[in-house]
Structure formats: C-alpha cells, structure tokens
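Engineer: The structure follows.
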Ligand SMILES: Nc1ncnc2c1ncn2[C@@H]1O[C@H](COP(=O)(O)OP(=O)(O)OP(=O)(O)O)[C@@H](O)[C@H]1O
C-alpha cells in the first residue's frame, strides 16, 4: 500500500535562501550521498513572514497577499495581484453564430459488439476453454460455445488453423464467453470482456450482459457531463472541427493459462501491467525493458476507438449517432501507436442534451471517500447524483484561505483550471461555494501521484521519462499560451490517470498575466526545484518552468534532483554555483544535451520556447499531434480496477468518513466579495 503523507504549504521563512536552519524535508544522510526523503516535498508560498519580505520586495503578488486581510475590499485584491479578468461574460453569445451551446449531458448507449478478434494467439487448451464455456452466465451461449469447441476437437490435418498448440486471435474469440459465473462463489458473475468509455478525462467501465467474446450483447447506457470547455477546441482535439474525443477501449481479462509466454513478451505493451514491475532504487531499469515476461500480466487491450465529437452549436437535444457500428483499431506492436487493424466493431447511439443552467451545491453530490488533504481542506471522491459521474471534490475553507493570505492564489487556481484546455491537465468540471467554503469539482484521476511511482521504482527508464516529459511539456506550453506560469512542477503535483497518462494538478501557485518576457519576483516553489534566478531574487520569467522541467527529467532519470543536498542552504548554493553533473549510467547523449540546455543557470542561455524544446533530438521520435490526441499507449499502466478504485490513495485518507464538515466561520461581506467570481457551472460565465 502506498503511503501518502499530508502536504501543507508553509511560510517562506522556513526555507528562504537566507535561512541558516536545516529544515529540509529530506532525510539526513549528511556525510554520504544524499538520499531523497520518501515524503512529498512542501511547496513554498509567498506568505510573507517578516524575514522573507526582504526577498520579495516590489512584487505585486506579495502586495496582494499582504493586503488580503478579512476587511480588504475586493478591488484591492484585483489591483495588486493581477487577478485576470476571470472569464469574459458570454452576454454577446446570441449575436455570435459560432458561440458554443450550453453545457449538457452526453449519453452513450452501447448495444452489441461483433467480430471481435484477439490481438494475440492463445494456448489451445481445450480443458480451460471447456470450463469457461460451461460457466458462461447464459445457458444458450454456453451451448453454442460447446458446439464451437466440437469443431476444435474435430479439427484434423497438420495445416488446419485449429490444430496445434496455439489458436490464432482471429478465431480464438469464438471459443470464449464474454461473461462467466464463477463456480462455488455464490453465483458471482465475472465478465471477461469490458469496455472503458472516456470523455474529457472521465472514464466509465461497462460490461456485457451475455455473449461470446466474438459477439456480445451489452445494452448499457452511460452519461457524461459536458462543460463548455469540453465542447471547445482543445489542442488535444481536432483543430478544424473543434472536437473533443470519446475514447473507447475494449479489454479482456484472459485466464493466465491461456496466454502463451511468447505473447506475454512480444505483445507486452497490450497488457495492462506492462512495464509496471517495481524497481528498487538505484537499480537499472533494464529488466523492465528486457524481454522477460511479467508474472502478473494484467488485462489485454483488444482495440480502441477514438471518436471526435463536435458538440458545439447544439442548443437542442440531438442524436449524434444512431445505432451505428464503429470499428476498433489496435496498437502497433513496435511503435505502440494506433494503427487501423480492425479488431471488430461495436454498435452505439450517442445523444447530446443541453441542460439549463443551475448552480450546484454540495447536496448535488454523494460523498464516497476521502482521497487527500490539501492546504485548505479535503479532497474527496464523490458521485454527482444526477449523472452518476464520479469526480474529485476539492474543498477549501474560506477562513483558512483568508487568514493565510492566499485569496489571490486560490482564485488563480480556479481561473486557470476553468480556462485551460490541455489533455494533460486535470479538467475542472464545476466550481461552487457556500458561505464558508469553496468547492472545485475535478475529474477523478486515480492512477496515483507520479511522486509515489517514482519513490517506488527509484527511477524511470529513458522512454518512460521522455513520455511523461513530453506530455508535461505540452501542458506547460498551453499554460504559457494563456500567459500563465505554473511555478510548482514536481512529481507530487502530477497524477497518473487510469491509462498512465499525465494529469497535472494543483494550480495554487500559478502566476497569471505573464506574457513572454514579463518578470515577477515572488519567492515560491519547492526547494529542490527552484531556479537560480528565483533564488537570486532578480525577478524571473516563465523560463523558470523550463528549469523545473529539466529538474524533473533529471530526477526521473536518476532518482534525485540535479543539485540535491540534504541541507537546504547548501542545495541552494549548489543550484547557484555547481556545474551540472551526470551519473555514469546517464550516458544518453540527447538526454544529456537537453538537460544541459534546460538547466542553464542564466535564463538567457536556457531553452525558452516550447517549440524549440519539442524539436530537440531527445524528442525526435515523438509525433506531437499524436501525443496530444493521446494516441500513444503509455509505457506504464497503473493498477486501477475501475473508476471507484481508490487503492492508489493512502488508506489513512480512504478509511476516514467522508463528510463535508460543518464550520461556523463568519466572513464579512467584503471578504465574501473576494470570492465573487468563483462559481463555474460548466458554462463560461462567472
Ligand atoms: N482530480 C483529482 N483526482 C484524484 N485525486 C486528486 C485530484 N486532485 C487532488 N487529488 C489528491 O488530493 C491531494 C491534494 O490535492 P492538491 O494537491 O490539489 O491540494 P493542495 O491544497 O493544492 O495541496 P498542496 O498543499 O500540496 O498545495 C493530491 O495530492 C491528490 O492525491
């Protein structure tokens, strides 16, 4: 079980470069090679305690924080903090024929699947196939399977496809039920086949009702909340049509004894546990990439459908697809990208229904589990009562925000989340408030923090690191395109989704309205990741994000940040003065060259443009459009059963009773006004 520790933001005085105290969160291996702490690293904020105010002279944010006392009027906060003009009102919507329609509900009905083939050969084990057939959850299907098995038993001749140790994937699906009743287990039904349906980073899992793997009856209906943002063009969508995608992935849980060892090795990328073997710290990743077959191979991905959906301009209920068959494609074995081998088809109806605007409240949600603690409140797994969608609900207590002078950062988080549209940033679905609290409703991302995966495995392979850095690079690029600096990139703020894609979260340190060369001064971030110019308090630009990207890549590849030291002041000194050194095992020329160019101490010499970084030889094999369309199969798939699965969260949290604690804070009207622009109901109006 992974252990999650509470993370708290704390005042800058604790970790200023001028501080002589050794308050490193890391463990104390002072005389030996430094060893990173297993605890999440804390974020420094600009709380402006006395001794740090020296470091933050002249910064507009600092002023904002300092003035954000309970009685400060609304205007002062806006004026000092550069709070953006939140979202622009859509009062002109009716005049613009291209204005997207209202938010709504997307309903997908799944009827039948046909001609499904397996992408691997299976063992020709008549005993197991027979056992599966007689345990089919439907008698008629069981009979049919037994009949099919007779043809298998009767097949003769050396060249007959049904003779031999292995059955070709093209026909194997005729001998497998899609759902079985487990004998002696009180009629427990277990489906072999299942389908994940993803829209806007929310994923639902459905199972068939009956059938063979080749042909199944599903008759299932699922719904997704559609916000205006998910209707807009994302850079992960098709720019011409302004679409977002509905992603369908068809999986099969194959009994291990049916999977030949040779297929476990050559088609490893198609199994959900591919590459997920933990690695001990400091050990080379060679074994994870070697040909050896993992013991627990997981489920097999049969095929994928990526369906662009243009949900713009529909102000009336509409049926976008009516009982249509869509074909599954498969992932290419070598390149691990999507190719159009047809793996069978599935019949769907897709409907979109705009909904009338309504403010949400906590009573619109059932609280399922506590999954984390943030600086100002809990994060809970919740289900939205009307659509049955699972979300992460982040609660923030207004009183705490105000007393810790974090109003501006909190508003910035909400603003950035509502504006940004990148497939690797956790999507904000809604936000609302009560007199005492602020609430953010986010897509529930349950593959665990990258921090914990890195802790567990010590370091990542070159390919895996490249994949994460590439996805993060596009996330930072889209933030910069919105004139936002992220400022707190680190493994603790990166979640993995159920497939293993990146979802950047925690936007509490974003700085808005920062165009290309604009400088800011606020001393904030996380010690290990602070850029030299930030430490020197000379003002910094968005270039600090590229420094942190370099730091992150270095940490992924080696297990430690580049200038790490147990003692924080020494670490700051190293960041400022020490040359960049590589451990002997990090001998990849392109990786070294990119790190050298990102970890330039003088920002003027640093790579400073997303496109320039993208065209570095380190990324030469990456097709950026494909990457943004999530068409690469992630090199690591977290263990996630379904959307309800919270096993990647700390049990200390998940065992807690989920409740929205009652607080009786009183906030003055002027303080309440500061939170005026918070509410976001999936529409653009704030
Ligand atoms: N969308 C999400 N899906 C799943 N888990 C999430 C999500 N958002 C946050 N969490 C969990 O809740 C924890 C706290 O969330 P978050 O980091 O956003 O809070 P915070 O107050 O900003 O934290 P910090 O004090 O580090 O700044 C995260 O570490 C993560 O484990």
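Each residue, glycine too, has its Cβ placed from N, Cα and C.
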Engineer: Which stretch, out of 250-270, 271-291, 292-312, 313-333, is listed as region 'Disordered' by TrEMBL?
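Structural biologist: It is 271-291 that TrEMBL describes as region 'Disordered'.
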Engineer: Hey, what's the Cβ neighbour count for residue 394 (ATP binding site) at 10 Å?
Structural biologist: 26
Engineer: What mean pLDDT does the predicted model reach across the domain 'AGC-kinase C-terminal' (620-686)?
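Structural biologist: Average per-residue pLDDT within the domain 'AGC-kinase C-terminal' (620-686): 84.
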